[in-house]
Amino acid sequence: MTMNTVPAKTPKEALMIPPYLVFYLIHSMQVGVGVLGFTRYIADIAGFRAWMSVLLTGFLFHILVWLMYSILNDKDKDLVSVHKNAFGKWIGGLLTFVFLIYITFLAMTVLRTYIEVVQIWIFPELPTWAISLSIILIAYYAVTSGFRVVAGICFLGVVIPLFLYFSALAPLEFATYRNLMPLFDTSIQAQIEATKAMTLSFLGPELLLIYYPFIQEPKKSQKFAHFGIMFTTFIYLTVTIVTFVFYSEKQLATTIWPTLSAWKVLELPFIERFEYLGIATWMFVVMPNITLGLWGASRALKRQINISHRKAIIIISLMAFIITIAFTTRAQIDALNTYVSFTGTYIVYLYIPFLFLILTLRRKLRK
């Protein structure tokens with residue numbers, strides 16, 4: 001094992017994906033378990049005017065996507081190459097390690113939070129390690145099968161749970177629309193703070209920096225990446241408004257999983273507890289986060305220290321398993337979400353723009 005970065009090679013055509021699949025990669029990585037409870041956090045900061053922070057966060061991530069494509073559309077293949085060219089072997093390698101650890105923690109934050117939901121709502125006696133091991137093994141199998149399989153899981157993770165988005169509209173039967181009034185009674189500071197809280201639910205598109213070489217004609221995929229951000233923003237905005245008109249501010253402040261709790265009002269003749277079906281189906285939403293996250297981290301590790309992809313996947317999977325079983329209490333899981341959100345905020349709002357400026361200056365100096 002060496003610290004020499006593996007030279008970036010263009011993947012074989014059979015391993016690459018068409019540009020339109022970037023829509024599913026972007027959207028599926030953004031929508032995870034956070035959609036079940038993010039509204040409580042932003043409402044606690046900006047009240048029922050926090051819907052504006054959803055639009056603001058979506059706008060900022062459109063800028064992020066543009067920055068990433070501007071970074072990668074030159075001759076650089078992926079983030080590992082960008083780091084090496086911009087900062088050299090050692091500093092660039094260190095930054096790559098920081099990024100792959102962040103990706104792993106991001107994916108495991110989704111997994112650990114989903115496990116908590118399963119344990120609280122369905123199987124309170126089921127141990128964390130059993131659920132974690134089962135899901136990570138499935139993700140491991142998918143990752144070892146190649147990137148096209150990973151992309152296929154992302155596709156299914158968007159298509160299969162679509163009916164759940166329609167079910168989220170069920171509480172509108174009991175809506176109190178005056179909860180949203182007055183529409184613009186807020187402050188800039190409150191919206192900025194709510195946007196910071198909202199960022200965790202939007203994290204994920206930064207994996208584009210790793211899988212970019214696997215896209216056929218990658219420049220053509222940029223519009224699909226923006227469509228993915230738009231769809232995510234639409235979903236979050238819809239969930240936010242439905243939640244705000246269904247709950248009062250006092251009710252929302254004491255409800256840990258507002259979207260899950262709202263499913264209780266949905267009555268179907270063939271199923272008594274729809275939230276059980278929703279949680280089970282939500283596995284399809286969670287799997288792309290875990291699978292693509294593990295693939296991205298293992299790909300970066302393979303490129304950085306010159307080992308086989310299978311060995312890299314085993315290392316990352318073991319790290320992921322340890323992370324999920326290390327956090328046991330509600331306070332610890334909340335802290336995990338806070339730390340990942342804090343790190344992700346700095347990466348998307350500071351580091352990637354900084355990287356863009358560095359590369360822009362280097363390109364101008366070369367000319």
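The backbone N, Cα and C atoms fix where each Cβ goes, glycine too.
The feature transmembrane segment is assigned by TrEMBL to 21-42, 48-69, 90-115, 121-142, 149-168, 224-247, 276-301, 313-333, 339-361.
The transmembrane segment (276-301) is not in contact with the transmembrane segment (224-247), judged by fewer than 3 CB-CB distances under 8 Å for residue pairs 6 or more apart in sequence. Using the rule of three or more Cβ pairs under 8 Å, pairs at least 6 apart in sequence, the transmembrane segment (224-247) is in contact with the transmembrane segment (149-168). Within the chain, the transmembrane segment (90-115) has long-range Cβ neighbours (under 8 A, six or more residues past its boundaries) at 3, 5, 32-34, 79-80, 83-84, 128, 131-132, 135-136, 203-204, 207, 209-210, 282-283, 286, 289-290, 292-294, 296-297, 300-301, 303-304, 316, 319-320, 323-324, 327, 333, 336-337, 339-340, 343-344, 347.
Segment contact holds for the transmembrane segment (313-333) and the transmembrane segment (121-142), given three or more CB pairs below 8 angstroms at sequence separation of 6 or more. Residues 17, 21, 24-25, 27-29, 142-143, 235, 238-239, 242, 259, 262-263, 266, 274, 278, 281-282, 284-288, 291-292, 295 of the same chain lie 6+ residues outside the transmembrane segment (149-168) yet bring a C-beta within less than 8 angstroms of a C-beta in it. Sequence-remote contacts of a segment are chain residues at least 6 beyond its ends whose Cβ falls under 8 Å from one of its Cβ atoms, and for the transmembrane segment (339-361) they are 60-61, 64, 67-68, 70-71, 74, 76, 82, 86, 99, 102, 105-106, 109, 196-197, 199-200, 203, 206.
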